[in-house]
Amino acid sequence: MPSYGNLGRLGGRHEYGVLVAMTSSAELDRVRWAHQLRSYRIASVLRIGVVGLMVAAMVVGTSRSEWPQQIVLIGVYAVAALWALLLAYSASRRFFALRRFRSMGRLEPFAFTAVDVLILTGFQLLSTDGIYPLLIMILLPVLVGLDVSTRRAAVVLACTLVGFAVAVLGDPVMLRAIGWPETIFRFALYAFLCATALMVVRIEERHTRSVAGLSALRAELLAQTMTASEVLQRRIAEAIHDGPLQDVLAARQELIELDAVTPGDERVGRALAGLQSASERLRQATFELHPAVLEQVGLGPAVKQLAASTAQRSGIKISTDIDYPIRSGIDPIVFGVVRELLSNVVRHSGATTASVRLGITDEKCVLDVADDGVGVTGDTMARRLGEGHIGLASHRARVDAAGGVLVFLATPRGTHVCVELPLKR
């Protein structure tokens, strides 16, 4: 049996042959929301197809005398389907779509699923001896099967089954034509389809929990890696400050004293300039490894100093817009993200200008870092993570663990990264 480290010690369960950690509710909700948004979008597209099938069923399978009320019903459903489609894709960027989806909760998808049940059941009731409208109702379990909540799916499927029974029993022409044995068989077949859809939802729910568990484990491992890296950086910074930097400062002081005794020696002047440059570089290195200013005066000045030193070193024009007058427990996380993003701008973007904005909105720390370089997307970062580059991915994991979000936003040129974190005072 392989060892899973903290996962095994903290407790977990096997799902699909994988040991999954007992996932936090926040991580589970995050993954469930993402899956629910995906399912909601798929269902909104399928609804358009259902509208087309309803029109076809009306034309080939119902009497012309029933068309007026059916057209009205199909028209209402078409409007609802288009509305659902617009809501599902109203935000072109996944971040804002997901945030809107979180704010609306579970009511919107449930409401449209209820509309599906009512409209398709009504369509069958308006169709005398219509086998095709009855076949359209088979699509209901398919739409419900895209859900990720077993309880909600069970309620909807039960209502769907009742609607199917009402539609069949409410058509006396069909009852006389097929008789009770075939009616019972059709009901049993539909019940089987509903049960199958419920099992699919259950499997999807378990899959969601598995993904959430693995995501939480990955975040934990990345956070541990970052913590170890920060400890190492602090030790290196202290070693540089207490060792080489002090030696350089001492040597520079001796040269200053020598220059006072024997002024005018150009070699001494060049040595002093070199030692001055070396001491500044060492101070900058210790600042980036362990920013004392972050502990002394706060995140805002630390970010401003980091941007200024990065601009001076790289030649990139970096503007700052900082309105962050408080201190918070998330400050080290935010500073680490800024440091990593500016490092990526210098190393990979080829940008000539960049901007850093830091502020507070709705009790959240909001960070925006943008540049005019070659551009980086979330897919690019995922590929780099697969290649072993965990820098930004580890910071994203820490942001997620703190209840925040780090996303790449669409921009005509360059890269735009937005970070939101709830404040911890």
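Heads up, the Cβ atoms here are built off N, Cα and C, so glycines get one too.
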Practice problem: Consult Swiss-Prot and report the residue, out of His35, His241, His395, annotated as phosphohistidine. | Solution: His241
Quiz item: Around His241 (phosphohistidine), how many other CB atoms lie within 10 A of its CB?
Solution: 18
Quiz item: Is the transmembrane segment (181-201) in contact with the transmembrane segment (107-127), using three or more Cβ pairs under 8 angstroms as the rule and ignoring pairs under 6 apart in sequence?
Solution: no
Exercise. Please work out which recorded stretch in 42-62, 130-150, 155-175 has the most C-beta pairs separated by under 8 angstroms from the transmembrane segment (181-201)?
Key: 130-150
Quiz item: Which three-state DSSP class does His241 (phosphohistidine) fall into?
Solution: helix
